[in-house]
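Take a look at the structure below.
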């Protein structure tokens, strides 16, 4: 787990705690997205989707059934402010007038049926009971898939990891048959080279990589720890990003085909139809679905796809959190893994309740704005610095050789030691230079909510020096400098199990050759003796006389 990993450099074990904190916090609000998706999915099992008209109880007098009608009403109000529209036959005197501008039925469904949005974060209102049931369902689903740990996840991901491709393929074929879809695709694949000079584009792209591939979250560490010792991690580290990015590109075709259809229906430019954040998934895309034949079928496929994708992300983050605690406290938790997973699901569920109140969307925005931005970059930077410059890049490459039989090329050394840290520093500078307070439509967040956002966003970073100070104190003996030097060395538990190391040293596993003419394997504390006068174990790769080989 991200905690056990830091036996490589105990002083920086706080980096592992930071990964767990980020994963735990994101699990809270990420499952709210799954809650919304489940709510939409359940309501899609009907003869018609509920957001396709303005005849519902939640609709206001400003509701328009298409964006063309909305566009005309808004344009008329701008050009002729005193113009009075005829009475809306769908509107009665008891219907509240929530806004002074028109909006589509899908927008009103999202705002007044799903969120039941209040006027601000200081007015949380009541819990949405439909969302409460959906949230319970989401956490029960997580528990059912993770109750047995990686054994149950390994079976579930055969479905959740492959079914999105089937859904994407079906939606791609259907969307390309819509009028105007090719205009959206053309907009998607036409580059705007001037955007490359915008630093904000680069840091947004970097954050997308963090969220898509999962570095610095701890999930990759947790899941890869279940691999066999000789698993080809070199191959996986190349294949996974390629497959991931190709999937994202393919998903973009699916989405922009619908965006082009929306532009065609409204008479707008494609760039004017594109939305971001929850608006794209829960307003724009459902609106396009509502205008398709057999709309409920396409809605069910779309939201099922989102559930399978969301579950995969939740699996990684939640398993990171639970496995870390089990590894840290095996005496108390290892025998009770299933009850502990259930307890953590309950805790996360309770922490998520404020996000399904009427003011929950404001708390969600705070979470989304402050968690997983600068903190992820800082944690990734610490990871690189510790492994490359404290533990040592040559020893790290030798560790990989121990598993694969060969070392990664010098290209990787240059990337790990120079290019990637520099890129992360530039991204952090860009984030700081372009940072703005959270935005939700025209709502201005009060200072207290922004301070809360900084608190939850910084806690995963603050924990790093706190744990370092604690571990220095716990060493107990020696001067401050001696304690720090001691904690910068790998602990006695670091490295492969001794029986595995023994077999490798004896040449019983493939691709490992041990002789006095070959480079020696990296030295792990406790694995071999060190003659007087030789280097200290864990500080350099030295050739020594190995009692095991003797």
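Yeah, the Cβs are placed from backbone N, Cα and C, and that goes for glycine too.
Feature list (source: TrEMBL):
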BINDING   244, 312, 313  Na(+) binding site
DISULFID  54-63  disulfide bond
TRANSMEM  20-42  transmembrane segment
TRANSMEM  127-147  transmembrane segment
TRANSMEM  156-173  transmembrane segment
TRANSMEM  205-226  transmembrane segment
TRANSMEM  238-263  transmembrane segment
TRANSMEM  288-311  transmembrane segment
TRANSMEM  340-363  transmembrane segment
TRANSMEM  369-391  transmembrane segment
TRANSMEM  411-432  transmembrane segment
TRANSMEM  452-473  transmembrane segment
(request) Between residue 244 (Na(+) binding site) and residue 63 (disulfide bond), find the distance joining the two CA atoms and give it rounded to the nearest Å. (result) 39
(request) Would you kindly give the Cα-Cα distance separating residue 313 (Na(+) binding site) and residue 63 (disulfide bond), rounded to the nearest Å? (result) 36
(request) Counting only CB pairs under 8 A, let me know which of 20-42, 288-311, 340-363, 411-432, 452-473 has the most with the transmembrane segment (369-391). (result) 411-432
(request) Return the residues near residue 312 (Na(+) binding site), defined as same-chain residues 6+ apart in sequence whose C-beta is under 8 angstroms from its C-beta, sorted by sequence, else 'none'. (result) 157, 160, 161
(request) Tally Cβ pairs under 8 Å between the transmembrane segment (127-147) and each listed stretch (20-42, 238-263, 340-363), then give the stretch with the top tally. (result) 340-363
(request) Indicate the candidate from 54, 63 with the smallest number of other Cβ atoms within 10 Å of its Cβ, considering only these disulfide-bonded residues. (result) 54
(request) Please work out which recorded stretch in 156-173, 205-226, 288-311, 452-473 has the most C-beta pairs separated by under 8 angstroms from the transmembrane segment (238-263)? (result) 156-173
(message) Cβ within 8 angstroms of the Cβ centroid of 244, 312, 313: which residues besides those meet this for the Na(+) site?
(response) 161, 212, 214, 309, 316
(request) Restricting to the same chain and to sequence separations of six or more, state which residues have a Cβ under 8 Å from that of residue 313 (Na(+) binding site). (result) 30
(message) At a threshold of under 8 Å on Cβ distances, which of 20-42, 156-173, 288-311 pairs most often with the transmembrane segment (452-473)?
(response) 20-42
(message) Checking distant contacts: for the transmembrane segment (156-173), what same-chain residues at least six beyond its ends satisfy Cβ-Cβ under 8 A?
(response) 145, 247, 250-251, 253-254, 257, 298, 301-302, 304-305, 308-309, 311-312, 315
(message) Below 8 Å between Cβ atoms, which of the listed ranges 20-42, 205-226, 288-311 makes the most pairs with the transmembrane segment (340-363)?
(response) 20-42
(request) Quick one: give me the count of other CB atoms within 10 A of the CB of residue 244 (Na(+) binding site). (result) 14
(message) Checking distant contacts: for the transmembrane segment (205-226), what same-chain residues at least six beyond its ends satisfy Cβ-Cβ under 8 A?
(response) 1-2, 5, 16, 19-20, 22-23, 150, 233, 236, 240-241, 244-245, 248, 316-317, 319-320, 323-324, 372-373, 376-377, 379-380, 383, 423-424, 427
